[in-house]
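Asks: Pasting a structure here, questions to come.
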Amino acid sequence: MSTKVELYMEIGTVITDLEYHTKYMLKKLLGRGAYAQCYLAEIESGEQYAMKVVRLKDIKSRKVHEKLESEIAIHSKLDNPNVVKMYRSFRSSEYVFMVLELCERGALDALLKRNGKLKERHVARFVKQTVEGLIYLHNSVSVVHRDLKLGNLFLDSKFNVKIGDFGLSAVIKDGEKKVTMCGTPNYIAPEVLFGKASGHSFEADIWSLGVIIYTLLVGVPPFQKKNVEDIYKMIKLNNYIFPENCDLSSEAIDLITQILNTNPLERPTLEHILSHKFLSKKEHFLMKIYRNLMTNRTEEGVVDTDYVLFSIPVTKLRGVGYVLKSGVYGIYFSDHRNLMLKPNRKSVIYLNSTIESGKRVFYKEEHLVEKIPAEIAESYKGLQYFIRTFDNGFSFLDVEPCFIVKIRKIECGFLFVMADSTIVFDFVDGWRVVLSRCGERVSCYNGLGLASFNQEIRGRCIEILRGCLGCG
């Protein structure tokens, strides 16, 4: 049942800016917040704006009043294509008026509500524009937004993103940390919630961006629960799922996983995010690899990212044991569970697959080896068995560990898909082919030694990819 909104001013009311002798007629209500209402306003020439109206009698505390003045001071100085423009502010004895750029398509939360979830190519475009706006805010004017969410990302008539609502924003001086806990529950970074002693900075916006990406692709926020305390608990544990039915690309999973890191210093920079494959890809990565193989656009060389060094089916464990070049040992079980011992040998990452409401979802957990939960103790014993049996003194590299997204059984071995879109053909006859950079770089091995990527091996890889892609 809808609740009728009490309007601060009747539709049709004319607001006069006495200093500039400009009259604004209120045409309709666009939205409302805790202390403000936003109207479509039109001047005599026919130009339209969004007018944010704050009723002063509703502001009871000095702190809220100070935030209002701070919002106006910060927002009025901002000038960027991906930030909502504030043209003017003025006030009467009862109200404060902010004349803002009109975003005809509304906010991203409304778009998501209409569509359920968005396609990756559309999300990539929205995210790229948001990142460009954040680069301006963080690097050019030292402003941290602190309430980045779908409802504060607005769309103009051409569906370009504009960051708006700077009510919780702050200017960050060199090395400064803020300690005020603020934001919207689903989007708040863990250091804002739990790190008051150490404070927070620009990285809090990057965390919120990760939540936004996930929400646009999946349809619901990653830490969604019925009550706020449970949401905060999920954020603290960094406990979220990747629903299998959403069919997320490895690039999307990789970017989200990088951003949703509880350590703010380990999150990617905005510049790194802007160059990530998720924002630049134009076609399915397997199709691009296939095309590069078909047109001989692969260059042989050493792959400098993580990949599968060794794998073997372990019937006793009902899974595939594997070793990565980074030093990760893991088992990918037949029921889609994935248990990995990190290179430091101090902790494991556990991806658990289960069926909920007829759909398969994945849960990510991390545990110290001396505190393995009872429910995965047997799986961990299996991993220890695999390590004891097949640890043959492999040579590792100091590369960033990258987890396996998918394993596909092929006629002559396994096809591994890594989170960064590197793929590995591990053939039972001892040949292994590692394709990175969407097939532009290839390393071929026979046993553990480098080998030439000859036409026969190339042909085998092409045939397998043709089958995966359904090419004729």
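Quick reminder: no glycine exception, Cβ is built from N, Cα and C everywhere.
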Asks: From the candidates Lys52, Lys57, give the one listed by Swiss-Prot for the same ATP site as Leu30, Gly31, Arg32, Gly33, Ala34, Tyr35, Ala36, Gln37, Cys38.
Replies: Lys52
Asks: Only counting partners 6 or more residues apart, tell me which same-chain residues put their Cβ under 8 Å from the Cβ of Cys38 (ATP binding site).
Replies: Leu29, Leu30, Gly31, Arg32, Ala50, Met51, Lys52, Val53, Leu100
Asks: So which one is it: of the binding-site residues Leu30, Ala34, Ala36, which has the fewest other Cβ atoms within 10 Å?
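Replies: Minimum Cβ neighbour count within 10 Å, taken over the binding-site residues Leu30, Ala34, Ala36, occurs at Ala34.
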Asks: Determine which residues of this chain, when Leu30, Gly31, Arg32, Gly33, Ala34, Tyr35, Ala36, Gln37, Cys38, Lys52 are set aside, have a Cβ within 8 Å of the centroid of the ATP site's Cβ atoms, and list them as they appear in the sequence.
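Replies: Checked against the 8 Å cutoff, the neighbours are Val53, Val54.
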Asks: Just the number: how many Å between the Cα atoms of Asp147 (active site, proton acceptor) and Ala34 (ATP binding site)?
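Replies: Approximately 14 Å lies between the Cα of Asp147 (active site, proton acceptor) and that of Ala34 (ATP binding site).
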Asks: Looking only at Leu30, Gly31, Arg32, Gly33, Ala34, Tyr35, Ala36, Gln37, Cys38, Lys52, which the record lists for ATP, tell me the maximum pairwise CA distance in angstrom.
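Replies: Greatest Cα-Cα span of the listed binding residues: 14 Å.
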Asks: Please work out which residue of Arg32, Asp147 has the most C-beta neighbours within 10 angstroms of its C-beta, and give that one of the recorded positions.
Replies: Asp147
